[in-house]
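Listed features, source Swiss-Prot:
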type	residues	note
BINDING	His184, His206, His215	Cu cation A binding site
BINDING	His367, His371, His394	Cu cation B binding site
CARBOHYD	Asn90	N-linked glycosylation site
CARBOHYD	Asn115	N-linked glycosylation site
CARBOHYD	Asn165	N-linked glycosylation site
CARBOHYD	Asn234	N-linked glycosylation site
CARBOHYD	Asn341	N-linked glycosylation site
CARBOHYD	Asn375	N-linked glycosylation site
SIGNAL	1-19	signal peptide
TOPO_DOM	20-475	topological domain 'Lumenal, melanosome'
TOPO_DOM	500-532	topological domain 'Cytoplasmic'
TRANSMEM	476-499	transmembrane segment
Amino acid sequence: MESTTVLLATSTLLLVLHASYGQFPRACSTAQVLLSKECCPVWPGDNSSCGEVSGRGVCQDVVPSNSPVGAQFPFSGIDDRENWPIVFYNRTCQCQGNFMGYNCGECRFGYTGPNCTVRRNMIRKDIFRMTTAEKDKLIAYLNLAKHTISPDYVIATGTYEQMNNGSNPMFADISAYDLFVWIHYYASRDAFLEDGSVWADIDFAHEAPGFLPWHRFYLLLWEREIQKVTGDDNFTIPFWDWRDAQQCELCTDEFFGGTHPTSNNLLSPASFFSSWQIICSRPEEYNSLRIICNGTNEGPLLRSPGRHDRNRTPRLPTSADVEACLSLTDYETGAMDRSANFSFRNTLEGFAVPTSGIANRSQSSMHNSLHVFLNGSMSSVQGSANDPIFVLHHAFVDSLFEQWLRRHQPSLDVYPEANAPVGHNREYNMVPFIPLFTNGEFFVQSRDLGYDYDYLAESGSIEDFLLPYLEQARQIWQWLLGAAVLGGLITAVIATIISLTCRRKRKTKISEETRPLLMEAEDYQATYQSNL
């Protein structure tokens, strides 16, 4: 009864929506704007472009990254997403201070207030620590977003060439939820080549350094969109801690839908999500017709947890797998793609064995293993965001990224500046977002972006105190080891001299009091070395 009440109340909510995020601002989808290549909408607060009169931002030329990219995509100038968003727009709003948005009408993450000067930190909770009312509200919010047309954004239904270079706009309305399904599809879709074929080894959101910053930004935008659709500024994305899970704990009618009694691929009719229609789930069809997903409904949400290829994914990640992954010190290595060894990013993404860090294309682990395990809409990269479990899964992946950032304290220079796969260099604008943000801007700790995770916030104070000392220890451990070896040699020499001059005294019985002290010292050194 409580769940029904929440759903009805939320469904009848009077919406007052403001600037949003996504792909193409509705205000920039006309032929006039596309031909001018200037996407600098007016901020209603002062009726000036980008809120310039109020000092919120200015309309500026887009300056794409000129750093060389990797060899994975050996083409240039054939895909609309290259040097984003130059193909569509070469001028956009550049917001100042703590302002943000396609027209600088909002606050940056972590700030609020009329002038975006009030600092704010939100906590994302483990879904299994949420109250019944909170869970019901989450489901109601998702349903509302699924059935509410985004007032500020539209999706492209054709390439720039198919739009006749802007003179024939091809855009469509989309719901607030499906907007983010489409964004995930568009960033990961294959590229159309000039000879009529497609190039599959391209992805602006996966299989490269940008995987974690891109999804961090994506989740923040998704979270804020839900806040706007519902009018609930306190909403945060929950997460699913899947460490050591033996089954899909969220695949029940209480959460995101149990299994249909007569079909293993469908959801239980008792679940609200059984009526959901999915989009962008037919990449082979789009490629053969050389079309872009247009947001048309393509059938029910599919999920069949545990009925997957167990040779590829024998089990879900364990706590030991997670800890082994977090212990990797290098964010990115080698070719910076799915072949990277000892790369934290590649291991967390699931292309490398967590216990060794060695890439293995025959196995799907960590993040990838959940997509394979759920065995349905989640198992297709381009359409995986159709399943609402996607958001909770990626929120936990983001929390592991956060753990790594806090543990290793990397500088921005750790994120590769050049030679990463196309779209993944540090200064590359993330595809397909407007307003523009680079990969490097989200290679920062979550608290700098105004949010935290409940299980990290609870242990954060002790961790924050110890981290500087642990980092210093990591930096000097080799020096300490060398000093210990040198000290041992000196001690041996001195011992030899004493031995030659004091043979008789060496025969004296060692007192019982000294033995435990020496043993304790040896044990301490062994523990210290193993900890390092």
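Quick reminder: no glycine exception, Cβ is built from N, Cα and C everywhere.
Feature map: annotations from Swiss-Prot on the structure.
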residue: Asn90; record: N-linked glycosylation site; DSSP class: coil
residue: Asn165; record: N-linked glycosylation site; DSSP class: coil
residue: His206; record: Cu cation A binding site; DSSP class: coil
residue: His215; record: Cu cation A binding site; DSSP class: helix
residue: Asn234; record: N-linked glycosylation site; DSSP class: coil
residue: Asn341; record: N-linked glycosylation site; DSSP class: coil
residue: His367; record: Cu cation B binding site; DSSP class: helix
residue: Asn375; record: N-linked glycosylation site; DSSP class: coil
residue: His394; record: Cu cation B binding site; DSSP class: helix
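All chains included, 26 other C-beta atoms sit within 10 angstroms of the C-beta of His184 (Cu cation A binding site). Note on proximity: of the recorded positions Asn165, Asn234, His367, the one nearest His215 (Cu cation A binding site) is His367, by Cα distance. Listed in chain order, the extra residues whose Cβ falls within 8 Å of the Cβ center of the Cu cation B site residues His367, His371, His394 are Glu349, Gly350, Asn368, Leu370, Ser384, Phe390, His393, Val397. Taken residue by residue with DSSP, His184 (Cu cation A binding site) is part of a helix. It is Asn341 that, of the glycosylation sites Asn115, Asn165, Asn234, Asn341, has its Cβ surrounded by the most other Cβ atoms within 10 Å.
Rounded to a whole number, the distance between the Cα atoms of His394 (Cu cation B binding site) and Asn234 (N-linked glycosylation site) is 20 Å. Neighbour density for Asn375 (N-linked glycosylation site): within 10 A of its CB lie 20 other CB atoms from the protein chains shown.
Note: the Cα of His371 (Cu cation B binding site) and the Cα of His206 (Cu cation A binding site) are spaced 13 Å from each other. Separation of the C-alpha atoms of Asn165 (N-linked glycosylation site) and His184 (Cu cation A binding site): 24 Å, rounded to the nearest whole number. One way to see the shell of the Cu cation A site is to take the Cβ centroid of His184, His206, His215; the remaining same-chain residues with a Cβ within 8 Å of it are Ala187, Ser188, Ala205, Phe211, Trp214, Tyr218, Val381, Ala385, His394.
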